[in-house]
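Here is the structure we will look at.
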């Protein structure tokens, strides 16, 4: 049996595309060592400069490790964005494809030919997919592309306009995954709250939530990447009212200064953002995640200070911060740039604030009772079982370490009520109290 090595870089949306490719290549034996693989696939990220460099370095590194007569295949956003340049500058690569042909990867390998469709790939209920990284959780991609016009973002230039999957397609995929034992789902897209806008339906997510709740066997779900102008008050209230969708609110804000929100073409002012955030925060057991960019063209010292004060005071649970990356095909590319020195200085300042904010969020968990799902043996050692809070997304929000149990041996993928005993440098030590369900 031929062997396959696949490296998926970038976001969880890329991961879903990689899992689609694995589904098409199920005849191959997956291997952990690229030096033993007959086919090596790199699914690249082309979002910002650091991601582009990571993708190029990965390609060159894998070429160095590959065995003679193996195939090196490069796909994904970086290839779609820089197709002509990379095909000239990467003679190490055997086959190239972009973001439109994930379900034809088996065909291109068989025929040893490049493939570049004009449209972005959108999976259907018939798409074969091999879930990786968990036996109980899966990401569900509900749309591709984006209609927003953020000044800093090039994604619409290579992913295209919003294309939503039909609700029936998503429900069919969910039912199949539930039948295979999956019961925890994260719904993703470039802009999830614009779901079905392209089909003339506002608040399409509400209808999707209604349909998801009818499926027996789903224990928890969450929605990632809400966009401030497309996420309505009705949607937030529907999530809060749901018995399946947890009160996990992931909304990248990018800034809070009205001046910067206008320059960044975010479509909402700080008053609107704070109203939305306060509604989310009012939900029982709410968990708020966001992200900000520092050093975008036009950011004054006053804008930055306003952002820092807001991050310090609001009480987010998780915050990501990024240095502005100058990207071709964006409105910000031709604006007067903030110097690298100033950007790096601001990044260090806000990273310190963010670390303190996240530490407070972990600390307030001590003494709480939380529903958690066991994910396996912890990297901290054989005496700990790793788990995640049922509200959290997979991997990015933290780890719970269980070293005591009042309910016997713990089962992977099973849900338990735990008491949080201690915060150990952003990892929570916990005791399992009881098994919650037997599904």
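Every residue gets a Cβ built from N, Cα and C, even glycine.
DSSP gives residue 11 ([4Fe-4S] cluster 1 binding site) a coil state; it is part of no helix or strand. Around residue 11 ([4Fe-4S] cluster 1 binding site), the same-chain residues at least 6 positions away in sequence with a Cβ under 8 Å from its Cβ are 45, 47. Per Swiss-Prot, the feature [4Fe-4S] cluster 1 binding site maps to 11, 45, 77.
Counting only residues at least six positions away in the same chain, the Cβ atoms of 153, 155, 156, 159, 161, 162, 190, 191, 194 sit under 8 Å from the Cβ of residue 146 ([4Fe-4S] cluster 2 binding site). DSSP assigns residue 146 ([4Fe-4S] cluster 2 binding site) to coil in the three-state reduction, outside any helix or strand. As annotated by Swiss-Prot, [4Fe-4S] cluster 2 binding site applies to 146, 150, 153, with the evidence given as sequence analysis.
The domain 'MTTase N-terminal' feature in Swiss-Prot is assigned to 2-114; the stated evidence is sequence analysis. Per-residue confidence over the domain 'MTTase N-terminal' (2-114) averages out at a pLDDT of 95.
Residues or ranges marked as domain 'Radical SAM core' in Swiss-Prot: 132-363.
Secondary structure of the domain 'MTTase N-terminal' (2-114) per DSSP, as helix, strand and coil residue counts: 55 helix, 23 strand, 35 coil. Residue 77 ([4Fe-4S] cluster 1 binding site) sits 18 Å from residue 150 ([4Fe-4S] cluster 2 binding site), taking the Cα positions as reference.
Residues 11, 45, 77 make up the record's [4Fe-4S] cluster 1 site, and a Cβ search at 8 Å around their centroid adds 9, 10, 13, 14, 44, 46, 47, 51, 76, 78 from the same chain.
The Cβ of residue 150 ([4Fe-4S] cluster 2 binding site) lies under 8 Å from the Cβ of 254, 264, 265, 266, each of which sits 6+ residues away along the same chain. Within 8 Å of the centroid defined by the CB atoms of 146, 150, 153, the record's [4Fe-4S] cluster 2 site, lie the Cβ atoms of 148, 149, 152, 154, 155, 156, 190, 191, excluding the listed residues themselves. Take the CB of residue 153 ([4Fe-4S] cluster 2 binding site) and look out to 10 A: across all protein chains shown you find 23 other CB atoms.
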